[in-house]
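Worksheet: one structure, shown below.
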Amino acid sequence: MLRNYFKSAFRSLWKTRTTSFINIFGLAVGMAAAVFIFLWVQNEASFDSFHTEKEQVYRITCDIAINADEQWKWENAPMMMAETALREIPEVEQASRVMINNWGGPVLNINNKLYDEKTSAWVDKNWFNIFSYDFIAGNAAGFAQDPFSIILTASKAKKFFGNAEAVGQVIKVDTTNYTVKAVIKDNPINSSFQFDILLQMGGRLADPNTYRNDLTWNNFGYITFLKLRKDASVTQVIAGLNNIVKKNRPGNDNTTIRLMPLKDLYFEEDLQSSAMPKGTEKTVYIFSILGILLLLTACINYVNLTTAKASLRAKEVSVRKIIGADRSSLFAQFITESLTVSLFALFFTVVLLILGLPLFNDITGKSFEISLSSFAVWKVLTGTLLFAAVLNGIYPALLLSSFKPLNVFRGVSVLKLNDGAVRKGLVVFQFALSTVLIAGAMVIYRQLNYIQTTNPGYNVSQVMSVEVPYPAYAKLKGEELGMFFQTFKNELRRQPGVMGVSGGSDDITNVQSYSSGNADWDGRDTLFNPSIARLSVDADFRSMFKLQLADGRWFTTGKDDERNYILNETAVAQFNMHKPVVGQRFTWGGDTGHVVGVVKDFHYKSLHDKIGPMVLMSETQRSSHLFVKVAPGSIPATVSAVQSVWASLVPTQPFHYTFLDDSFNVLYSKDIQTSQLILIFSFIAVIIAALGLFALAAFTAEQRTKEIGIRKVLGASVQQITTLLSKDFVVLVCVAIVIATPLAWWAMNNWLQDFAYRIDLGFGIFLSSAAVAIFIALLSVSYQAIKAAIANPANSLRTE
């Protein structure tokens with residue numbers, strides 16, 4: 001029986017080859033887009049799910065009240081929190097810390113070759129008792145026994161040692177030798193722990209100076225995980241942790257401890273900063289819905305064309321019923337036809353997935369693989385296939401199997417009035433979705449263009465940032481330290497292609513904020529405690545970045561401004577300082593000086609955040625970042641020259657640099673990623689809707705061939721007939737636009753809420769998206785309409 005169903009399905013598809021191809025191709029495009037989305041969603045939603053005891057694992061979160069209105073959420077905790085919790089709270093089974101070196105870690109010396117690896121981390125010896133890793137060579141026991149142990153991922157082991165055995169090799173970490181104890185598989189892409197190099201925490205804490213510095217309960221430097229007993233009360237554990245903090249930080253009642261489940265770690269929001277990858281749960285929901293809607297849009301083409309041609313198959317169905325077929329067998333036949341179309345589409349889907357994978361990985365920044373041996377891939381493919389087959393098949397199967405033979409042979413219409421209404425409603429749905437996506441793509445493009453063209457208040461074009469790690473000057477003090485950095489700057493200035501050199505504590509594109517508990521000034525309200533961005537700069541910093549002064553002067557070379565300050569305009573507006581501001585007393589961290597200038601506000605964070613108060617300090621001794629202005633057209637040569645200076649002055653540290661215009665773009669990488677995905681998926685939705693409208697218009701023109709012939713004989717022009725055939729479709733698209741416009745406004749206004757500085761949602765954006773939708777509809781329909789209008793009426797009326 002099933003064989004007959006498939007034979008009937010192939011026969012039906014072959015009879016209508018053109019529309020069948022449109023169905024299959026449109027469905028394949030929709031399925032491919034949906035599979036890409038579902039793979040991404042599955043990856044995002046499954047972060048850290050591979051750890052076998054994930055339900056028992058939590059990370060300590062510290063909420064620190066800065067003032068009555070502002071609270072900082074830190075993923076870090078004091079060093080002693082882990083062992084104190086393990087000792088004093090019975091429900092804690094394991095406690096382990098990690099210190100991630102994303103922003104400058106230890107330097108590895110392997111066979112006299114230096115490596116500055118940003119994906120390294122220090123972990124406690126019991127780390128592998130809590131988290132699941134696949135060991136290729138060696139084991140966790142060896143790592144735990146030796147405080148000077150190191151574990152590498154397979155890719156790092158290959159990079160460092162080639163095909164040689166990595167276990168047992170010695171790596172010099174800064175000034176200390178560590179032994180490779182194990183090699184593990186590369187981290188899954190859905191892991192929060194993207195460390196390629198794991199060093200034993202015991203080695204770090206063996207340094208008495210490090211241990212003494214980290215011992216204080218005011219130093220929040222370690223991410224701390226707890227594994228609780230299965231019967232543990234999370235509420236009791238939290239209470240115990242807060243008691244520990246109160247006992248060890250007397251007088252500091254602004255800190256509250258929470259526990260974040262490991263399974264929720266990836267979607268955690270509002271952290272002050274994080275060393276681990278983060279995602280947005282809202283984005284996952286949006287793309288999940290988008291994937292379903294794109295698949296539904298592709299299925300609508302099949303449903304519309306199948307139901308539109310239902311009358312052509314009425315006699316076939318009636319004959320089958322007369323010779324004994326019941327409704328259930330007919331229903332099964334039409335479901336089989338739907339499944340056949342979906343299977344054909346699946347073949348093209350796999351081809352499109354393989355072709356589109358490099359682009360998708362490039363946009364998402366992931367490393368997805370389309371492997372036919374992967375259970376995860378087949379799960380998504382099978383789920384998408386069955387979903388498409390069911391969506392394609394149910395309504396057409398119910399409609400076609402419901403025909404009554406007597407009505408068919410009497411010439412009574414087999415289609416009900418609401419069948420046409422359903423078809424029109426589905427076309428409206430397709431173009432409403434397309435219009436929303438077109439409007440969304442336009443809004444996102446304009447917002448990103450606004451970000452990129454808005455003057456941030458500084459100029460980072462052709463500016464190279466060279467990070468100078470602390471070990472490069474750790475042993476230098478006083479005048480010797482100042483002389484080192486001055487020599488460094490002078491040597492850089494002498495290089496060809498260098499137009500200027502400056503120094504500072506941070507890149508100007510991303511400056512950190514601190515509690516204003518460190519600050520004081522005349523006129524300060526004791527209850528006013530905002531977070532303040534702090535940036536140390538030298539005398540050349542203003543000219544390097546073209547900053548503008550609103551009042552006073554900039555810092556001078558030398559030590560005259562060593563304890564003086566410059567404030568930004570927002571700080572002046574919020575601090576309620578005595579007037580004039582220039583000359584007023586200002587204190588930071590116990591160092592009292594005077595305000596010598598006011599700099600005009602500039603965006604030291606992304607445009608997602610409002611400009612807050614900022615204090616600039618004079619840096620005369622050291623600069624953790626050196627900035628080099630490069631002459632146009634000389635980047636490769638200048639980078640090479642700067643590297644040569646680095647090698648001569650800092651031979652024990654790897655050379656690391658970035659260009660600040662790249663750092664500026666990184667601030668909006670997630671937004672750019674979203675815009676690219678929305679643009680691609682809106683294009684796909686439009687293509688699918690246009691294909692469906694094209695095929696439906698062709699069928700409509702075919703059904704009205706005789707009517708068109710009569711109208712032409714009676715004198716109707718090509719324009720009149722084209723209008724006649726197109727107007728119904730254009731009306732449907734206009735209805736879709738009316739529905740889509742408020743939805744698009746709501747969705748994009750909600751998205752823009754994440755930006756402190758944003759474009760206005762003017763009517764022009766939605767008018768443009770409506771014009772695009774109508775143009776696409778006319779393009780889809782007009783070809784078939786004109787073709788029918790210019791046909792010779794004699795051909796259609798010859799048999800009458």
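Each residue, glycine too, has its Cβ placed from N, Cα and C.
Not measured: the values here are computed from a predicted model.
Per TrEMBL, the feature domain 'MacB-like periplasmic core' maps to 20-243, 496-640. The domain 'ABC3 transporter permease C-terminal' feature in TrEMBL is assigned to 289-403, 680-793. Feature annotation from TrEMBL assigns transmembrane segment to 21-41, 284-305, 339-360, 380-400, 426-445, 677-701, 729-747, 759-781.
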If you count Cβ pairs under 8 Å, which stretch among 21-41, 339-360, 426-445, 677-701 touches the transmembrane segment (284-305) the most?
21-41
Counting by DSSP secondary structure, give me helix, strand and coil numbers for the domain 'ABC3 transporter permease C-terminal' (680-793).
96 helix, 0 strand, 18 coil
Check the domain 'MacB-like periplasmic core' (496-640) for me and report the mean pLDDT.
90
Stretch winning on C-beta pairs under 8 A with the transmembrane segment (677-701) (pool: 21-41, 339-360, 426-445, 729-747, 759-781) is 426-445
Go ahead and report the DSSP secondary structure tallies for the domain 'MacB-like periplasmic core' (496-640): helix first, then strand, then coil.
21 helix, 52 strand, 72 coil
Taking pairs 6 or more apart in sequence, does the count of Cβ pairs under 8 Å between the transmembrane segment (426-445) and the transmembrane segment (729-747) hit 3 or more?
yes
Tertiary contacts of the transmembrane segment (759-781), defined by C-beta under 8 angstroms and 6+ residue spacing from its ends, are 431, 434-435, 438-439, 442-443, 446-447, 450, 686, 689-691, 693-694, 697, 725-726, 729-730, 733-734, 736-737, 740-741, 744-745, 748-749, 752
Residues of the same chain, at least six outside the transmembrane segment (729-747), with any C-beta under 8 angstroms of its C-beta?
424, 427-436, 439-440, 443, 693, 696-697, 761, 766, 769-770, 773-774, 777-778, 780-781
